[in-house]
């Protein structure tokens, strides 16, 4: 077994090191230098790996977990009922919320009788695991493929409802991450949150 | 004769500006080529294809904090980079940039000074380059800078020797020290590189070491001596040290082309049927193409070969290059004796 392990190579480019005497031609180094120059010269015409960032964005995986969004329903009402399951499931304890009871006049704003008056995620604490999304019984919070922009002050990374809630006229598409596997997982009744 | 003086003054100004502009854009080309060699694109944001990048770099260097160590010798501290820059520019005076232009009855040679000791002048000037480095390292009043300067100085002196030896063979062949005559003798395709291949290799390698280019860029020893002789320099004074490297590279390329690759001569130049003036202009263009190739070679080697260790560098200079240069001299001497 141990002998087999020694034969394993990470790449097929490894070479056996030897201290053999160099021949006269090798001692001149020039053939080796010209070979090296040839190698670098071929790189002049290779395809470049640079991605010119602001114009070209690097493609992210279809299940990439980026900045969160608080969804609204079809009528534009906030889906979140401030149950606190997301905050409870958050391993980094990044989510805080303050619940409030809905007034009669606010029925067009919030879907349930209770809503989150304050909903904050600390983007520096968040580990983007997606547990909040899995825990949410109201399909209210999702992770999207958007990036959290860089900031200079730490306070700016605490995202309130002003940044998390999706605008009514510019809905955020979260269907991309809802692959069959993710949907199957959410329907799995053996999981605590789905009972 | 006033016309000649006017012409020479104009030529001096043109050559100075040309060296500065070429060195300026060599910095951009270097970064671009480094990128290409590493499968990157290199700087391309400032202006179209990044052509404003050298300007941006210059502006940045001017606006950086200018720091002078309290214990430094103020006069020498400023003199160091100035001297390096001045010496780098001086070398261009004896290089024949082209043949002669005939306008009316006046003959204008495209060379600032046709001194009959051209090569010696070049060597004299390049060897003063050591002072720029040495003064910079010494006046900083810092152990690291001083040690870096001593290292650089000993490197430059060691390689200067092999360089001078490799030139002696050329002088023996051509029988003149004037660069103009040496270039004229290489008419057509009688380039010295065919007759002096060993001398050519020794000269080019020494030129790399003289310009402090990789694999001989020991003066820039970031890890061992936190930067070498220019440790204490900042802003444009450091810029002068780094920029003079590019001017040196341009002048070295010009000297290599004129000593070994026929300068402004190019093959079949008289079969083209051009008039004298047009031929001169075509020759100058050919000369600049050769220079560009050698500047590219400098960069090509830099991004291919790793740096020498200091003892390897010294051993290579004294035990390999110098003996080969001497062998070359002896061989040339024997061949010249047999020929005559």
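Each residue, glycine too, has its Cβ placed from N, Cα and C.
Annotation for residue A:86 ([4Fe-4S] cluster 1 binding site): same-chain Cβ neighbours under 8 Å, separated by at least 6 residues, are A:95, A:131, A:132, A:133, A:135, A:136, A:141. Per TrEMBL, the feature [4Fe-4S] cluster 1 binding site maps to A:80, A:83, A:86, A:136.
Neighbour count (other Cβ atoms within 10 Å of the Cβ, all protein chains): 14 for residue A:129 ([4Fe-4S] cluster 2 binding site). Under the heading [4Fe-4S] cluster 2 binding site, TrEMBL lists A:90, A:126, A:129, A:132.
Annotated domain '4Fe-4S ferredoxin-type' per TrEMBL: A:71-100 (among others), in sequence order. On the 0 to 100 pLDDT scale, the model's mean across the domain '4Fe-4S ferredoxin-type' (A:71-100) is 91.
Listed by sequence, the residues of this chain that lie at least six past the ends of the domain '4Fe-4S ferredoxin-type' (A:117-146) yet keep a Cβ under 8 A from its Cβ atoms are 60, 64-71, 78-83, 85-100, 111, 154, 157-161, 164-165, 172-174, 176-177, 185-186, 191, 193-194. Summarising the annotation, TrEMBL assigns domain '4Fe-4S ferredoxin-type' to A:117-146 (among others).
The distance from the Cα of residue A:80 ([4Fe-4S] cluster 1 binding site) to the Cα of residue A:90 ([4Fe-4S] cluster 2 binding site) comes to 16 Å. The secondary structure of residue A:126 ([4Fe-4S] cluster 2 binding site), as reduced to three states from DSSP, is coil rather than helix or strand.
Counting every protein chain shown, the Cβ of residue A:90 ([4Fe-4S] cluster 2 binding site) has 20 other Cβ atoms within 10 Å.
Broken down by DSSP into helix, strand and coil, the domain '4Fe-4S ferredoxin-type' (A:71-100) contains 5 helix, 8 strand, 17 coil. Across the structure, residue A:90 ([4Fe-4S] cluster 2 binding site) and residue A:83 ([4Fe-4S] cluster 1 binding site) place their CA atoms 13 angstrom apart. Summary of the [4Fe-4S] cluster 1 site environment: with the site residues A:80, A:83, A:86, A:136 set aside, the chain residues having Cβ atoms within 8 Å of the Cβ mean position are A:81, A:82, A:84, A:85, A:116, A:132, A:135, A:137, A:138, A:140, A:141.
Secondary structure of the domain '4Fe-4S ferredoxin-type' (A:117-146) per DSSP, as helix, strand and coil residue counts: 5 helix, 9 strand, 16 coil. The two recorded residues residue A:83 ([4Fe-4S] cluster 1 binding site) and residue A:126 ([4Fe-4S] cluster 2 binding site) have their Cα atoms spaced 19 Å from each other.
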